[in-house]
Structures are given as structure tokens and as C-alpha cells.
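Trainee: Can you keep this structure in mind? I'll have questions shortly.
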Amino acid sequence: MTSGIRPIDVLLQRAGIRGHQRAPSDSKEFHEVTKRDALRLLENEVDRLLQTTEPARRPALQAEMGRFADLFGRFLQEEGPALDWNKIQKLPENAVMNYSNLKAPKNEQNEIRSMLDKLVVIKLNGGLGTSMGCHGPKSVIPVRSDLTFLDLTVQQIEHLNKTYDANVPLVLMNSFNTDEDTEKIVRKYKGFRVQIHTFNQSCFPRISREHFLPVAKDFDVEKDMEAWYPPGHGDFYDTFRNSGLLKKFIDEGREYCFLSNIDNLGATVDLNILNKLVGEERASTPFEFVMEVTDKTRADVKGGTLIQMENKLRLLEIAQVPKEHVDDFKSVKTFKFFNTNNIWANLAAIDRVLRERTLNMEIIVNNKTLENGLRVIQLETAVGAAMKCFDGAIGINVPRSRFLPVKKSSDLLLVMSNLYTLKNGSLVMSPQRMFPTTPLVKLGENHFSKVKEFLGRFANIPDIIELDHLTVSGDVTFGRGVSLRGTVIIIANHGDRIDIPAGAILENKIVSGNMRILDH
């Protein structure tokens, strides 16, 4: 975009509107007019897109595009992403409950079954495996013993249902990127004791940063996938209701959903938390929204945190922080917790905030550049940002073991290793590990970022029971039966290759490009 020209001015030029015809360009009135014009132009363009679809599909798509126009209208009204830092209040004593204070339910089958029958498990399944070099949904990447994220999730819930003679359903929120493949894959679970439901989150058009209008030429999403995007997991509430599943589960007498990312292998159904919500430990006033948080470490400084503001507990993301306070936000002392995105929400309360139209989540503006060089923005929301819209919202400070996301091959190394054992679909840390924290692992992007490449560099996954920190950079391979302990740094310089021999034990070692092994 030409320097000094705002997108709003470009919009006006396209519409044949000149600022001086209305009001001085720095006046409030002018800005209100330009915002209205911007919204009108967008709505006209969306209407044109809708005309390119078959008439039978139009009513559903019209409702979806109405939500998109609402989001765009709110984006135009917002003055900026930053919140007023001075309005942040001290977290009240009871805002975050300690997990260790929760009581386990009595080990009576009937009692636990009646608790489980009030629960729905929802997994966010909209992401692709492209960042790890895989095709199709991320949930079908094998992560342990040839089992995928989805296999492990189904195993966990089937184990609960069999053990307690319960009927906890599994719901997958797909995106247009993952829906078709997921529908084919879930057929293989037909004989399992798990009811699986799926629904799709919205499909919104990406907007050009030049003129704030959709870049799509028509509504044929398959033809031009890059012109469309799923608008973040904050879209869950509306699309869950519109799918009919929210009403179905409320009618069945279910009370809570437990929602998490499908790639967080630590996000299993926790009976102690469930006991606090629907069991004998339930509070007289229900907690409508529970966010699992865990202690922040230096590795988590960018993660969202909990704050109190205007007497409501709410999620604060780094994108909302004024530049001059980013260091404060990252401070482990000031903000002790970060959001795991494991959320327990009351179904009747979700229904209420949607009916009363009080759901209000901060907009995340995501700037992207498409393969053809076109610069676009996509407007998103985060599911945890709805916290402030519910009554009786709390955080629960859970053990780190409930946050085990697999975002990179370095995470895959941890979950495939002897650090964990697999029990009924859940990963359990080995009792041989002397302390509960996971090692810090950094693997070089150039040689380890894609799953296939990563697997090709290990004859088998090394023993890391006693590992604290591993950094690997460059062309490095590992033989069978390697053991890594303490701090190990392996760096192959450009053009060099390092082969760690089978059976090698590296403890507090630096291995450099010429294969010298030094004490660290």
C-alpha cells in the first residue's frame, strides 16, 4: 500500500467518496462515516459472493457471512488491540484454585458414572499437519506406537466409558481444511464404545490489506483454498450451537463440556475437576467457566495469562499488551500462570450468553502473505477470551503434565521417548524420572522440522530419562540405544555431519562439528 494512505481512504476512493465532501478527515464524524462506508462496501461484496452459490446453500451461508460482517464491523470500531494497562486489578485470592486442593470422587462406580454422564468432550480439530511436513489433519499424525492424536483420544474416552459403564460422547470441531479427511477416518472407530459427533467451524473470506475487501472471486472454496480461513477457536460457541449439538446435549441432561486442543496429549478427562463441577464437591453457585492454567516458565512467556479487570476474570494475550508493557507481561513474577487452553464450560451458560448476545471476544488480527504475494488479514477470536462473559469464572492451577502439546518435532521427541509410558490412551511420565519437569529440547529447523526427516535421523528414540537440556543443530544422526543425560549440545557446522554412534552415552557434553567431545 502506498505510504501515507490508509486502507479506509482506499475504500473511499473505490466507492467514489471523497473525505472533504463529508467532514474534515481528522474529525470523529468523518471516521464514523468512513467506517460505515467500509462495512457497506464489504457487505455488498459478500452479497455478490453469495450470488455465486447454489440457491439451496444460500440461507446457511448467509447466516455465516452475517457473523463475518459482525466481526468485521467490530474490527472497524476497535481503536487498537491494546487494553488500558492501568485498569488491571490484582488477582483476587480465590480467582485461581490449586489443583492439589481438589478432592477425588469416592471410588463408587455409580457416582462416577453419573458425573461422566453430565460431560461432553470436545476436541479442536481444525488444524493441518503442514507445519510438521504432513498432509491432512494434524490429528492423524502418528505420535506414539503408531497411534495418532485421534486414536489416543478415542482410547482414553472408550476406557472411561468401559470402566464406569458411562456414555461420554466425543465431539470434533473440524474446519473446512480437515472435515472431509476426518469424516473418513472416524469410520474406523465404529465398533468402539464412543459416540463421535463432528461439526464444522465457520469458513470466512480473507480480506486484502490494500482495500479491506474479500480476495475470493466466488464461493468455490475448494478452487481457491487460500482465499478462505477458519476464524480461530473462538468460533466454537456459535458453530456448536448452530450444529444443533448444544441443544441435543442439554436435552440429554449433560451440564459441562471439556474442550481442548487435540494436539495437547495432557488434556485428558480429570475426575477431580469434574467432581468439583458436578459431583459431591460442586459449589452452591456453579462455576460457569473454568480455565486450566499452569505455572509459567521462561519457555511460556508468550502464553496468555489470567488477569482481573472491571471485576471480571479474563484472559490476557500478548497481542493485547501495550508495547511498553510487554516485558511486564512476560515476567514470571508478575504473571505466574499461563493458559493451557483446557476449558470446562457450563452448557446452559453457553446457551444463555448466545441467546442474550453478550458473547464478546477480543479480535485477533492475523496478517498473512499468500503464495502469490498478496497481503491479507484474517480476523480471529480465541475460545478462552469468552471467560469474562460468564458468571463464576475461575482458573485452576493444574500440574504441568496436563499441558503436553505437540507443535514441533522437539515435542514429538519427548512424547515418543521412554520419558512416558502409554496407559489406556494417556501418556504417563515414567516413575524413573527424578523430577516432574520435561527436558528442554531444541532441534534445528533445517534438518528436524518435518516428521519424516526427524524420524530418519534416529535409529530409535534415545533414552532421555535423565536429560535436562538438548540442543541439536545441523546434519546430525543418532544410532540405536543412545542415552542423553544432563545438558547435551550437538552442533554440526555447515558442510559437516555428526553421527552419534550406537550405544553412546552423552552426559553434560558439547559435540562440535569436528566430533570433539568436551565436558560441559
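Along the chain as shown, the residues are counted starting at 1.
Backbone N, Cα and C define each Cβ position, glycine as well.
Summarising the annotation, TrEMBL assigns UTP binding site to LYS138, GLN201, GLY232, ASP263, LYS407. Annotated substrate binding site per TrEMBL: HIS233, in sequence order.
Could you tell me the structural context for the features on the list?
Mentor: Using a 10 Å Cβ-Cβ cutoff, GLN201 (UTP binding site) registers 26 neighbours.
Residue environment of HIS233 (substrate binding site) contains 23 other Cβ atoms, counted within 10 Å of its Cβ in all protein chains.
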Trainee: If you count the C-beta atoms lying within 10 Å of each candidate's C-beta, which of the binding-site residues LYS138, LYS407 ends up with the smallest number?
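Mentor: Result for the binding-site residues LYS138, LYS407: minimum number of other Cβ atoms within 10 Å at LYS407.
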Trainee: May I ask for the distance between HIS233 (substrate binding site) and GLN201 (UTP binding site), taken between their Cα atoms and rounded to an integer number of Å?
Mentor: 8
Trainee: Around the Cβ of GLY232 (UTP binding site), how many other Cβ atoms lie within 10 Å? Please give the count over every shown protein chain.
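Mentor: For GLY232 (UTP binding site), the count of other Cβ atoms within 10 Å is 23.
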Trainee: Could you list the residues of the same chain, at least six apart in sequence, whose Cβ is under 8 A from the Cβ of ASP263 (UTP binding site)?
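Mentor: In sequence order, GLY127, LYS138, SER139, PHE149, PRO405, VAL406, LYS407 meet the Cβ cut-off.
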